[in-house]
Structure formats: C-alpha cells, structure tokens
Amino acid sequence: MDTMYWKDNTLFLLDQTKLPIEVKYVKLKTYEEVAEAIVSMKVRGAPAIGAAAAYGMVLGVMGYRNDQNLEVYLKNVYETLKNTRPTAVNLFWALDRMWKKYLEVKNQTFEEIANALLNEANSIFYEDIELNKKIGAYGLEVVPENASILTHCNAGALATAGYGTALGVVRAAFEAGKLRKVFADETRPLLQGARLTAFELLEDGIDVTLICDNMAGYVMSLGLVDLVVVGADRVTANGDVANKIGTYSLAILAKEHGIPFYVAAPYSTIDLNLTSGQDIPIEERNPDEVRKIGDRLIAPPQVKVFNPAFDVTPAKYITGIITDRGIVRPPYKENIKKLFGGK
C-alpha cells in the first residue's frame, strides 16, 4: 500500500496512527494540515516526513492569495513545516530543496512556479523509492545465507516513499532467498515495530516474530540473530546515528554478543553540518504517549515521564552504514566525506 500519493491537488496520506486496525487515508489540502500530520505522526519515518513536507510546500503555494508577497508567504510555509519535528534531517533537506527550486523559478508566472514545485516534490518522492532499492541491493552484500535479522521501530515502506531502508535490506534478502526470519522489536512507547513493521512484513509474506524491546538481549544470547539492521533519522559527519529510542541499547547488546550492527539510510539522512551526535536536537514528546497505550491509561496519570523520541548511537558501535551510494565503514569521518566526493 502507498504511504502517500498526490491526486487532484490533494495529498492523500496513510494515517499510520490507525494501523494495523484500520487502513485509512486522510485528504490534506493545506500545508497546515500536512504540518499537523507530521506532528501527530500520521506520517513518520525520516524519508516519508521529507516527502510529505515537500508536498506541503506545494499545497502552500496552491493556497496562496494575492494579499501578500509570495516569497514572504512561502517562507512562512517553509518555517511552519520545518518546525514540526526537530530530529529527522530529511525534513530540512527536502524543504531546502523545495526552497531552492522556488528561488530558481520565482520570476516566472505563478502557474509555472506551482508546477515547478509540484514537479520537484514528485522528484523527491520517486527518487526516494529508487534510493531505497539501491540501499537494499548494497545491504544484500552483508546478509549471510539463511539469515535471521533483528530490526527496531519501522524503517520500511511505511517510513519512506516506498520499499524502505532497513526493511529494504530485509526485502532484498527475502527476494534473493537469503532470509530465514525477522525479529521485530515492538518499539515502545508508540509501538511502531508491533503496529507497523509486523504488519508490513506479514503483508509481504515475510516470516516475522514480534518481541518486546527488553527481550532483544536474551534473543541474541540464544544465537537467534545473525545481524541487526535499523534505519536512521540523522547521521552526523563522524558516523554517530540518531534513530528511534532504544536503538542505542540494541547496538550495545549487539556488540556484546558479536553481532554485526548496520544502519540503513539514504544520503539525504547524512548531515555533514553536524560533527557528532552530541549536536543532534532530540525531540521530546507528549508524556501521555508513555502513560497510555492508545486511549487507555496504563500508569498513574500524575506520574512524571521522560519521553525522548530518539537516542544517539555512537559510531563505535556501528559495523557499517548502508547507503544508496555504497556501504560506509570505519573510519567514518573520512569515509563519509568520501561518499560526498570529499577527500
């Protein structure tokens, strides 16, 4: 199923807060609605957020009225979308790309500007699918025969324009006949592993076993995991990785058990402007996400909650970063620079 699609000047977005109980698409006609969908995690996953924000810019220009300067108006659209979530760098990458396109065509007619922005958003969307397939192809190199892969959160088709990053590697292994099974962490507090990854893999006929987050170490100790593959929301210049909370713990467990730990992400997730993971802003979300599952209270309503959405895994715990341009291995600072043509 599609994470999102564009039709009749409307962004149709799969509401991932309803999965797996209900498959429902919401119709978004304004950039404000796109911003709300990102904040509320109707759409989530770094590449998917970027693509949605790009279409949000298109909806922004389509909602323009002649009562103010177009550039001032569009800058406000840009800032509104940019301020939705602070950690996933693909959001800023996609918005910067859309803004650059606007600056290229700003002297053209309004209709030409709108068409140029729509074409750019479409390019971001369809390019992401191709990037993910390349990630899958490169990742296949590190997957042993008859592999059992553990993954965290959801870095699949639902988190991207299609195919997935970490699950792109899983899909490539499945298609090549190299995959035995997948262990999916449930991923508290919003259960993306249980609700989304398990759902997505079952839809594809892939053998998946769901485990609680705190079972991962024991599963590894039993020799049931050959490698760990996760996605990323931001990779810094030194190879540190911000990803869904709980990733850091998995990386330490994998290292303790001698299990390769790979991160799968497109080049757009790498932020060369940040020297290390200490520079990454970590989003802290509503405490009720921990106090409740759905609408049901599972903890005392007055209890204090710490709810960071992401953690940072230091590069020393990462075996390799699987990108659409190849697999980056240590030393990361040097080899990430090479990935972008630097020396």
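Note: Cβ is positioned from N, Cα and C throughout, glycine not excepted.
According to Swiss-Prot, the protein carries these features:
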ACT_SITE  ASP233  active site, proton donor
BINDING   ARG44, GLY45, ALA46, ARG85, GLN192, ASN243, LYS244  substrate binding site
SITE      CYS153  site 'Transition state stabilizer'
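In the three-state DSSP classification, ALA46 (substrate binding site) falls within a helix. Taking Cβ-Cβ distances under 8 Å and a sequence separation of 6 or more, the neighbours of ALA46 (substrate binding site) in its chain are ALA88, VAL89, ASN90, LEU91, ALA159, GLY231, ALA232, ASP233, ARG234, ALA265, THR269. Every protein chain shown contributes to the tally, and the Cβ of CYS153 (site 'Transition state stabilizer') ends up with 28 other Cβ atoms within 10 Å. The Cβ centroid of ARG44, GLY45, ALA46, ARG85, GLN192, ASN243, LYS244 marks the substrate site; residues of that chain outside this set whose Cβ lies within 8 Å of it are ILE49, ALA88, CYS153, ASN154, ALA155, ALA159, GLY231, ASP233, ALA309, PHE310, given in sequence order. Taken residue by residue with DSSP, GLN192 (substrate binding site) is part of a helix. Taking a C-beta cut-off of under 8 Å and a sequence gap of six or more, ARG44 (substrate binding site) has these contacts in its own chain: GLN16, ILE38, ASN154, ALA159, GLN192.
Under the three-state DSSP scheme, CYS153 (site 'Transition state stabilizer') falls in the coil class. The separation of CYS153 (site 'Transition state stabilizer') from ASN243 (substrate binding site), Cα to Cα, is 9 Å. For GLN192 (substrate binding site), the count of additional Cβ atoms within 10 Å of its Cβ stands at 27 [all protein chains shown]. Every protein chain shown contributes to the tally, and the Cβ of LYS244 (substrate binding site) ends up with 28 other Cβ atoms within 10 Å. Reduced to three states, the DSSP call for LYS244 (substrate binding site) is strand. A simple way to gauge crowding: the CB of ASN243 (substrate binding site) has 29 other CB atoms within 10 angstroms, across all the protein chains here.
Packing around the residue listed as 'active site, proton donor' is summarised by its Cβ count: 30 other Cβ atoms lie within 10 angstroms of its Cβ, all protein chains included. Here CYS153 (site 'Transition state stabilizer') is positioned 9 angstrom away from GLY45 (substrate binding site), judged by their C-alpha atoms.
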